[in-house]
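Asks: These came from Swiss-Prot, pasted as-is:
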BINDING   Gln88, Gly106, Glu107, Gly108, Lys109, Thr110, Asp496  ATP binding site
BINDING   Cys833, Cys835, Cys844, Cys845  Zn(2+) binding site
Amino acid sequence: MLQALMGKIFGTTNDRELKRYRQIVNKINNLESKYKALSDEALKSAFNEIKESVLSGGKSLDSVLVDSFAITREASTRVLNMRHFDVQLIGGIVLHEGKIAEMKTGEGKTLVATLPIVLNAISGKGVHLVTVNDYLASRDGNEMRPLYEFLGFSVGVILENMHDPVVKREVYNADITYGTNNEFGFDYLRDNMSYSRENMVQRGHNFVIVDEVDSILIDEARTPLIISGPTNRTLRDFKDANDIALKLLKDEHFSVDEKDKTVLLTEEGITRAEELFKVENLYSPENASLSHILDQALKANYLFEKDVDYVVNNGEVVIVDEFTGRLSEGRRFSEGLHQALEAKESVEIKEETQTLADITFQNYFRMYNKLAGMTGTAQTEASEFAQIYSLDVISIPTNIPILRKDLNDLIYKTEKEKFEAVIATIKKLSATGQPVLIGTASIEKSEILHEVLKKEKIAHTVLNAKNHAQEGEIIKNAGAKGAVTIATNMAGRGVDIKVNDEVKALGGLYIVGTERHENRRIDNQLRGRSGRQGDNGTTQFYLSLEDSLLRIFGSDKIKSIMERLGVEDGEYIESKMVTRAVEKAQKKVENMHYEGRKHIVEYDDVANEQRKIVYKFRNQLLDPEFNISMKINEIRAEYVAHLFANVSIFNGGVKEDFNLEKLFKLIHEEINLELNPADFASYEYEELLEVLTQKIKSSYDEKMSVLNDSICSEIERELYLKELDSAWREHLYAMDNMKTGIRLRAYNQKDPLVEYKKESFNLFTELVEDIKFNTIKTLQIIQFRVEDPEEEARRVAEKLDIQRKMNEASIQFNHYQSEMENESKKISRNDLCPCGSGKKYKLCCGKSGPKKGVFAS
């Protein structure tokens, strides 16, 4: 209240910033006549002078902004026949300053982006424009290409089906690169899994503009980018677990919490499951896989809905993006959940995967020197943008005032009554020819409406995840006279819905929302499809107490209001009090999701520091100039000191107390080198360390002396990389499992995040040692045929090369399965877990206490 009052008196921060931007815009406008008078060649020459002044170090990008924007606007007018409005110039300045420009639908964000893109491309370090799908990346990149090329810049577009690293590298080396968030992120991960510099495609992270920034940095931030490969988990029991899950009774055998998305087995449920599985203890080590798979089967059946969370498409379970309604082809749920869904739907159960490399969008985009974004809906998440990304949100006024009418919500008691009212409204509007766009929250609801409209013989088009390939055309035509369009979660963002004068006379595009989304931004995006660039239009939401949001989060208060007002069946209430109650429920969910995203980024920040260290060293290994032999010599000395510590030989100790027999037995076991303790009995610690290190080095040098230096270096480099990748993969497993269980420490009055940081530091120290020492051990024991060592070395190098090429091509890693001689024998905490996850028992099913189905999203 006080803040709002102060804003009215002194003006808000947003108002003050807009005032500053308008002063810069005036300077740009003052140059318009100057550049308009120039010929094309003279305009290009003027721009080249600006480029030279920046590249020579004489001027900064900020100092040439006014001239660059003025020239870009003039070039756009000539080449694209599109002139930037003043508000678009403001948007461009906001983006250049590394902020978020909130601009309403239809305000021309694609054209706005050209201003900061051109300015920042001058540096020669590359500019990335990120969009939500290939269609928009290709459309925007190619539509703006003539402008960029007129000003002397090269343009590239990264597409999902682009696999050739040579072609991709050329695209990334362009001055300006358009692409999707997924492709940029996955290319970064693939680069850091590559075994040669030739297969790496990205060249750095200078400046990025994220289109639909709220969708990418907020909505998709809960889902990390993951590259995965196969595990050795058996696929048996998924079908049996599904059958058993269906036999268990809700509330008696397990409880479901939709709000927190958890399924918990009760004591009765555990007993019943043991009877059905015919085992004595569901949580004993030998049954570890059964308890895990049953948990996933329960989630699949009671938390995940077909045509809401996923669809079955051509015999495959495909995830539906909850924010866009699009199919997420290629993505799979982890931890066996996808297999559980496949068992539920009776389709082929595919092999489970393990994480090979991952990164969150938060940490990927924070790598850029400068990050900016644009969207029509950002203010509701302004605090999150500021706290996580250090991004300010600037709301930019529309070029023409908005004439759209946003009517109050209509709330019915039941979903049936609500849909009857929606159909009546559609029939009424359709009869007049006024176009209607109906927004639904799921594929299931869009199919219900589709069937009813078919019965009513009302011509219409459906846009959901099942036909998203045509979304651009469907959305584009949604403003035509008489058009009735059903769209799930407002897929088709980035495509304008234009209306002609005849439609404007009928009242413009009418938006009908059939359900409030958990997030207000999604609702605002739906509203924003109508009334673009000063067009008229109307929006209204039809709700019921049976809607997911109201049922889970807010229906009690609203229900009591309806009862007090005496609302009869078929009647609705239209009240600001109720609308506020709905928004309060939405804020509750938004806050819950924000805490989830904050939780993810806090934990991933820990992993991210480790990731940066590992990837930095990995890139050093790939550098042909990196002296790998010197590095091997360094870690060999560390390895010998490590062996000393293992047998309690320490600096300052008495040499007579050195247990050389134990030391040399360990050396023989680890690197197959025979040594006589009597030959070393007279050495003090430092001498012993130096002599033994030299002895091990001499043994290695003698073996490798038959090879030329380049082959030696190649083998050392390939083996080091292989050990690094293998250890990093297992480290990701350990970190992921530790993160899952660390929350329990809160019960012991300990901060889980602090504990996670401590534990992860210890794990990382172990990781670094494992990589170094395993590399030394492998290099020491590797042998070549005596007849032709050069040929054998080439064969080894070629084998390594083939393996890494397979890794790069299919992201598949060799894995070995070991059968336990006796499944019921006692399992050591450091043994591999019998559930087949590939993790140590102590980090998987051996964690204290039975797992009872806590949902892992």
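Each Cβ is built from the backbone N, Cα and C atoms, and glycine gets one as well.
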Asks: With an 8 Å cut-off on Cβ distance to the Gln88, Gly106, Glu107, Gly108, Lys109, Thr110, Asp496 Cβ center, who else from the chain surrounds the ATP site?
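Replies: Here the nearby residues are Met103, Thr105, Leu111, Val112.
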Asks: Hey, what's the Cβ neighbour count for Glu107 (ATP binding site) at 10 Å?
Replies: 23
Asks: Which one, from the binding-site residues Gly106, Gly108, has the smallest tally of other C-beta atoms lying within 10 Å of its C-beta?
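Replies: Selected from the binding-site residues Gly106, Gly108 on minimum Cβ neighbours within 10 Å: Gly108.
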Asks: Please state how far apart, in Å and to a whole number, the two most distant Cα atoms are among Gln88, Gly106, Glu107, Gly108, Lys109, Thr110, Asp496, the recorded ATP-binding residues.
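Replies: Comparing all Cα pairs, the maximum is 17 Å.
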Asks: Counting other Cβ atoms within 10 Å, pick out the least crowded of the binding-site residues Gln88, Thr110.
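Replies: Candidates: the binding-site residues Gln88, Thr110. Fewest Cβ atoms within 10 Å: Thr110.
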Asks: Once the DSSP letters are reduced so that anything not helix or strand counts as coil, what is Gln88 (ATP binding site)?
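Replies: In the DSSP reduction, Gln88 (ATP binding site) maps to helix.
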Asks: Can you check which residue among the binding-site residues Lys109, Asp496 has the largest number of Cβ atoms within 10 Å of its own?
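Replies: Top count of Cβ atoms within 10 Å goes to Lys109.
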